[in-house]
Amino acid sequence: MEQALSIVVLAAGKGTRMRSRYPKLLHPVGGRPMLDHVLRTAFSLEPEAVHVVHGHGAEAVQAAHADWPVRWVVQEPQLGTGHAVEQAIPAIPDDHQVLVLYGDVPLVRPETLQALLAEADGGLGLLSVDFPDPTGYGRVLRDGHGAVTGVVEHKDATAAQRRVTECNTGLLAAPAGRLKAWLQRLDNDNAQAEYYLTDVIAMAVADGVRVAAYPVADPAEVQGVNDRVQLAAAERVWQRRQAEDWMRAGVTILDPDRFDLRGHFAAGEDCRIDVGVVLEGRVELGAGVEIGPHCVLRDVALGDGTRVEAHSVLDGATAGRNCRIGPFARLRPGTDLADGAKVGNFVETKAARIGPGSKVNHLSYMGDAELGRDVNVGAGTITCNYDGHSKHRTEIGDGAFIGSGTQLVAPVRVGRGATIGAGSTVTRDAPDEALTVARSAQRSIHGWRRPGQRPDRGEGSDA
């Protein structure tokens, strides 16, 4: 019978090296808090329970993860990793296997942890890694036959022990009953005056319990995050992983080192993503979608064959099939482009529906607007949707043509097939199939001089 699993996540550290007012574990990797990554991995192993030991910033950490069905355990004071596990262990049945994870080690894969649990096999298992520069890490000690005899922390290691490059990651699996007994025997007679969880390894050896060290293949999986330099390194590892996964799924990413996914992503085959693209929130791309360089997409859904040109920002927008967006376009929340619609360079939209085949090509603002089918909006056209108190809508019928430099003062309706003369300020509804021109008559004032060219005061007087 497979042994039941309980997971303990250590998340009580202060994170002083982050130099931040926020708890370390709330700093994001891939758009999600570090601890969120660890919890997702933990629950993927289908444990009986997950216990999170927290301390510094406890209320903020718990509030940010309120949707997770975890047991929160406060460690106060914080006296080391062994002391932290001791706070959670009483609630775990003796016949469970315990897996200890760390909230600031966000990149470990579920497959690695499954291998560690299998390697432990009723004994004690620890995850080890070979670091070319092991400074700061606890060293795994072995006897002449290669059997694990213990772990010594860097500060407590001798010169000979510091030359060992096999390091302890801190991730550990052990039988709950035995772990409880070992934790009761811990002392803090060490350089940091803390209760080290790693001391249970020597206890296991002394008690004749098999100790297995499972070496992780990719050191990046177990890289801890203690400062912002390490946070940035973890971010790039995470992003590279996501990029490679999507490339294997049929998405072309021109440079996986310049790709940022910070939320949920779904894409059809043959999508193409250029350099410097940032995807946030929930982004869904149909087949054959192309995203140009240095675009930001946040909570966006794009239909098959749609193309977004360089330096465009899309937020809370949707587009149908074969749309063209940008370059330098900004689509704000509530924007919906029907099939074949086009929003061109330096165009901003907000709460606007652009109908099938309609075009807003240049230097325009469409806010709180409804455009029908095959509408053409000339350069420099804006909807004046806000009167200082309320927002008002503009409706433009199928096939309408709006001349350049037009102001549509909402609420207003432009009829089907209507034409608006360039430079008009439209304040009343424009009828179907009619030309509407709303601008003052042109006049020329002869002899007019600019202010700097006007004669001095008193020039030509008899005084």
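Backbone N, Cα and C define each Cβ position, glycine as well.
Annotated acetyl-CoA-binding residues in Swiss-Prot are ALA379, ASN385, TYR386, SER404, ALA422, and among ARG353, ARG413, ARG439, ARG443 the one listed with them is ARG439. Residues near LEU10 (UDP-N-acetyl-alpha-D-glucosamine binding site) in space but far in sequence (CB under 8 A, at least 6 apart, same chain), listed by position: VAL53, THR81, ALA84, VAL85, VAL100, LEU101, TYR102, GLY103. Taking each Cβ in turn and tallying the other Cβ atoms within 10 Å, the top scorer among the binding-site residues ALA379, ALA422 is ALA379.
Pairwise Cα distances among ALA379, ASN385, TYR386, SER404, ALA422, ARG439, the recorded acetyl-CoA-binding residues, top out at 22 Å.
Take the binding-site residues ASP104, GLU153: by the count of other Cβ atoms within 10 Å of each Cβ, the lowest one is GLU153. With all protein chains in the displayed structure included, the most crowded Cβ environment within 10 Å among the binding-site residues ASN226, ASN376, ASN385, SER404 is that of ASN385.
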